[in-house]
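Notes for the one structure printed next.
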């Protein structure tokens with residue numbers, strides 16, 4: 001485990017210094033300039049802003065395993081709608097997602113096998129029926145009293161190989 005004085009993160013800190021030097025220093029407000037919130041997966045193949053033609057400051061990006069509407073993601077959407085200028089919410093799972101590759105039991109078994117530790121109490125949220133999961137998440141958002149009538153909600157599937165979004169609902 002890394003601790004202060006450990007060089008485990010030095011490469012990232014060096015990259016951050018270079019980033020800070022070239023960063024546009026135009027002050028941004030905390031609101032989403034384009035009025036967009038994106039709930040998508042933590043998968044590193046997904047770069048949400050450029051995939052939608054957006055830039056830094058345009059959208060609120062909420063990442064969860066599988067792009068699921070977790071309780072924390074729901075709070076993020078509500079905060080976005082009421083405090084941060086969000087008028088459109090996109091829920092975007094993707095193709096070839098590990099969270100759609102099996103059930104919680106399947107993924108827990110893989111984690112236990114790789115770690116040698118018991119992962120049976122880990123709530124993962126995996127489900128191979130991506131369409132049903134997305135429909136449930138969209139219904140939750142569209143019917144939530146703090147979102148309904150205040151933001152448009154759309155469901156999309158990202159093809160991680162082509163980069164194309166398909167509107168699902």
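Placed from the backbone N, Cα and C atoms, the Cβ positions cover glycine too.
Not measured: the values here are computed from a predicted model.
In TrEMBL this protein carries:
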BINDING   41, 43, 94, 97  Zn(2+) binding site
8 Å Cβ shell about 41, 43, 94, 97 centroid, Zn(2+) site members excluded: 40, 42, 45, 46, 66, 67, 93, 95, 96, 98, 99, 158, 160
Sparsest-packed of the listed binding-site residues (41, 43, 97) - C-beta count within 10 angstroms: 43
Residues that sit under 8 angstroms from residue 94 (Zn(2+) binding site) by C-beta distance, when 6+ apart in the chain: 40, 41, 43, 45, 46, 67, 157, 158, 159, 160
